[in-house]
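Student: According to TrEMBL, the protein carries these features:
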- 15-78: domain 'Ribosomal RNA-processing protein 14 N-terminal' (DOMAIN)
- 48-83: region 'Disordered' (REGION)
- 62-76: compositional bias 'Basic and acidic residues' (COMPBIAS)
- 97-107: compositional bias 'Basic and acidic residues' (COMPBIAS)
- 97-119: region 'Disordered' (REGION)
- 108-119: compositional bias 'Acidic residues' (COMPBIAS)
- 173-241: region 'Disordered' (REGION)
- 184-234: compositional bias 'Basic and acidic residues' (COMPBIAS)
- 267-277: compositional bias 'Low complexity' (COMPBIAS)
- 267-425: region 'Disordered' (REGION)
- 284-297: compositional bias 'Polar residues' (COMPBIAS)
- 298-339: compositional bias 'Basic and acidic residues' (COMPBIAS)
- 346-363: compositional bias 'Basic and acidic residues' (COMPBIAS)
- 388-399: compositional bias 'Basic residues' (COMPBIAS)
Amino acid sequence: MSTTAITPISTLRASLERHNDTFETLLKLIPAKYYIVQDLTEEQAASKFQQNKKKQKAPKQAIKEASKKAKKEKLDPANQKNIVDLQNEASILKQLSKEKGKRKAQEIDGDDEDDEDDAAMDVDVRLDEEEEEEETLNAGNMNVDVNGTTTLVPMASSSDITALRAKLHAKMASLRRGGGGGREAGDRDELLEERRQQRAAMRERRRRETKEKIRREENKNAAKDKEKRDKDAQVKLTKTQLLVNDPTTAVMASRGPNSKLTNVAFSSVSQSGASSSYKHNKLKTSSNPTQALTQLASRKEKLAGLPEEKRKNVEEREKFEKAEARLEGVKVKDDEGRLKKAVKRKEKEKVKSKKAWDERKEQLTSSMAAKQKKRTDNIAMRNERRNDKRKGIKPKTGKARPGFEGKAFGKGKAKSGAGGKSKGK
């Protein structure tokens, strides 16, 4: 049997180291940014995923300084690290963070028993201060080497820990006494109540300001409206004024009370414009003669129901009112005979228009019937021709018109002419 030679461990180690050096050399040739994934900063993430976000422009001087600094860092030989160096640094940092986390967990478990009386404190303040205390204690208790080994150091005395704890409590008390004009707040409810009162006062002040603003605007608008009304009244007054003064009024004004001429006032005839317009409206009748007759009949019935003396007074007053209205140009339609004639004339016009309309309808009906008959005849003739064509029947030729559908005159003459020429030869 053949025995296989066993490769010594040193040879295998040397071979593995050579291969490792070769791979590391190849890795060093690759730029680190193309090989190692880097975490994006907030600005880079915003520029990549929030493209529609409004960009905040930085000052030009700051941009210049930042670009100059970036160029210097880029050209700095200390920053030109290859992939192997970056991986080594990352592994060391990872190991250190793991050990630090373990120590923190152990020390937090040990400090829970001592700090039971401070359980009601604010969580954020307690955690921050405990981290500072732990860092201080850890700095005195142990030191971490670069290789990850820990060297134990004797623990600090209890007096130092007590002083640090007193300092922590004092700082937390000062943080509790936040704004309040130098006085210490009783508790959270008092602070909330104070803020609520401040908000209520602010709302009340805003409400008062809004009311005051609305009142000022209303007063301003009222003043504007009043000014506009006064202006319109002034314009109306100037429009109604006469360009030339009335001579009668001028004469009457010039005459004094001792004048010999006497003024006669016809109070029964000359009345105010409002009353005259009311009377005119009362005398008006409908423009339709039939309705006007009905209105006159109802007025007569009403007059007939009155006593004799009162009826005479009303008739007399109506006569004067009608005369006055006619003088002012109002058409008073109170003649029954003329109204009846107008009704007859209107009835005749209606009959005449009805007759014309009936004739028009009859013409339209007859023309539509004739067009429909012609269409039906054309369709029947077309169907008949189609059937004859399908059966092979030739269409009948009508009577020829003389001079148009007769024999072709040129054909017979041409033949005879050709024969005559040949005979002559």
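Backbone N, Cα and C define each Cβ position, glycine as well.
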Student: Across the domain 'Ribosomal RNA-processing protein 14 N-terminal' (15-78), what does the pLDDT come to on average, as a whole number?
Tutor: 76
Student: DSSP helix, strand and coil counts for the compositional bias 'Polar residues' (284-297)?
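Tutor: DSSP classes over the compositional bias 'Polar residues' (284-297) add up to 9 helix, 0 strand, 5 coil.
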Student: Using DSSP, how many residues of the compositional bias 'Basic and acidic residues' (298-339) fall into helix, strand and coil, respectively?
Tutor: 31 helix, 0 strand, 11 coil
